[in-house]
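Feature annotations, courtesy of TrEMBL:
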- 36-372: domain 'GS catalytic' (DOMAIN)
- 290-310: region 'Disordered' (REGION)
Amino acid sequence: MIPQPRTFRILPYEAETAAMACSIETLNGNPWTADPRSALLAYLSDLDDRGYEAVTAFESEFHLMTETEDGFKPHDDRGVYTTNSARDASHVIHDIISALEAQSIPVKKYYPEHGAGKHEVVTGHATGIDAVDDHVFHTETVQAIADAHGLLATFLPKPVPGATNGLHLHLSLWDDGNAFHDESVDGPYPLSRTAKQFIGGILAHADALTALTAPAVNSYARLAPRQESCAYACWGHDNREAMVRVPSSSSSDESGTTRLEFRAADAAANPYLALLGLLAAGVDGIEQGIDPGDPVQTGPDALSDDQRHRRGVERLPTTLGEAVRALEADNTLRAALGEELASSYLESRRSAWEAFTESAGEWNRDILRRLL
């Protein structure tokens, strides 16, 4: 493991402790081809050769929980966006924000989310590998601060009945400017042809992508209709039930804020692999000129089967097993990962699915909550 000095940071929540991200190399000094971080770095280099730089922001949701004799319970249940919920968690959230900012991870906003004990601390975007490294330290920081307060912060996709936790990826490609922005398009969604083709690539590889972005058995309890987490491969303008949401651009900075939001991801994903897969699918859409079809402006489950069929809106995999089989058959994403990484990753996901199907019931969520 080779530490990367540019990622060095002092950890404000641990005395006399610092950390760095690492890449893995073989004994002869070459990048190990099964290392997700090295694989993403290699893909970003290829992307640079194509004339693009990726700008990404990770938006992760988590639950604050307390341990009782009856198991884990949400820390608060005072309502979404309410000052009551914010006050209940303020002692933890203030420390999280301070610790993130001490690591030069900018915090944009905070709010109590939908669901008991659910919160979101939104951080800024970054370019290339920096965005992913910052996200990893973000997750570590949230969990460490919660632990210091005697709480559990879990990013598990479906930790309790009801609310879910997502990991939304906001993404744009830049060349001389924002390649996803078309200044000739009026209105709040000034998407370029390049952006639409990128969306087309994501939708074309949607089933296989979920094996990378939703890689846990528990992930598929989240990818269900009417949970604002997407259950169908489609895109839409400000549609939180779509796999790809196009947020409204800011009227004061349309070029800088035109982007895509990928919603079919959760924190069980290795973020280096999630971004690699998303970029590979989208770039394939650009190179193949894939048309994403018309945007879907309603919950896809509200459409009839015939309407969805005519519009090409397909149900995403409903189990990890289905997603793994889709990735096995997707030559584009497997090639982007590289054979050694693809093979080892698929083997790990097959093992996870087989262990679940061979068990007597659902895996112990209390154990999983501690791991994510």
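Every residue gets a Cβ built from N, Cα and C, even glycine.
Note that TrEMBL annotation is computational and uncurated.
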For the region 'Disordered' (290-310), distant same-chain residues with Cβ under 8 A (at least six beyond the ends): 196-197, 199-201, 203-204, 225-226, 231-232, 234-237, 239, 241-242, 244, 246, 284
DSSP helix/strand/coil residue counts for the region 'Disordered' (290-310): 9 helix, 0 strand, 12 coil
